[in-house]
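> To start, I am sharing the structure in question, which I have written as structure tokens.
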Amino acid sequence: MISARALDHLRQHFCGEAVRISDDNNTKAPPTSDGKEDNQKETVSRLIHKPVKDDNSSIAVNVENELLRLPAELQLMILQHLTFGEVESLRRTCRLLRHTINKPFIREVFPSIKFELLSTCYHCLRYDALRDHLIHADESDARYPLANECLDCVSSRGGFVVGRMYTLGTFATVCVCRYCGFPVTSDAAWKEYEFHRECVVRTMEKRSEGVRAADIATIFFIACNILFRFINALGNTLLVSEYKLWRRYMPNQSRPSRILNKVIAFLIFWTYPPSIEQKFPGKWWFSRQNTQA
């Protein structure tokens, strides 16, 4: 609903200050009832659209503005459909509106002014009704309640620190992605709250510079380590089972048995080389004791 006080405020600034009204208009005889409406329309049209020769150049520029040519009621309705950030941007770019849109006028246009300020970035004046892309500012800030800052503005000045937690306007706590350096507000990786899902997928894709030699060497050493550990695990299993090393010397063995016995002996020697000097029962088995001759 349009406030009468705000409407009078607009009429006073847009019509009363832009055009000087002389006293000669008051000396004329009052018009008849039939032509009263036509005279009022002509007077309002002349007051709004008439160019003024004045030393102040700001008035001459703003009189030709298409927005200021509209009636005060339409101007107020337009301002009511804008956000606080858009009205503030309009006030900063229009010379006449810089002095017209003041604090009392803002309170008339935006009754819930605190909600508007908390949902607006103080740097770029971006409006976010959900506040899920605004960094929450403490009430001790000098700019409060217009103290929240959007994620893009903080990122542009390098304000995010990896490893630090940030509180959004919704009082939700988020981490900073360790790959792109942007807060993980949504679409986080599975069980990895410090990475975006897209960032994890991007790291797994092939890089534009190709595969480096260091990457190939790292994968090679990891594969060798896994292979050696697997051989060590098999050798320890054979040692615990007390495999008889003399079986590889048994005569009349088939080819598969001979190969298998040699492979088993290799695994045992790889895992525990002193086992070649062991005599049965083995010293490594806890259930047995060494027999002295």
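Glycine too: its Cβ is placed from the backbone N, Cα and C atoms.
Please treat TrEMBL annotations as automatic predictions, because they have not gone through curation.
Annotated region 'Disordered' per TrEMBL: 21-43, in sequence order. Taken from TrEMBL, the feature compositional bias 'Basic and acidic residues' covers 34-43. As annotated by TrEMBL, domain 'F-box' applies to 64-113. According to TrEMBL, the feature transmembrane segment maps to 216-239, 259-276.
How buried are the listed features, and what sits near them?
For the transmembrane segment (259-276), the residues of the chain that approach it from at least six positions outside its boundaries are 231-232, 234-236, 238-239, 243, 245, 247-248, 250, 253, 282, 284, judged by C-beta separation under 8 angstroms.
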> Over the domain 'F-box' (64-113), what does the predicted model average in pLDDT?
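Averaged over the domain 'F-box' (64-113), the predicted model reaches a pLDDT of 83.
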> Using DSSP, how many residues in the domain 'F-box' (64-113) fall into helix, strand and coil?
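Tallied per class, the domain 'F-box' (64-113) gives 33 helix, 0 strand, 17 coil.
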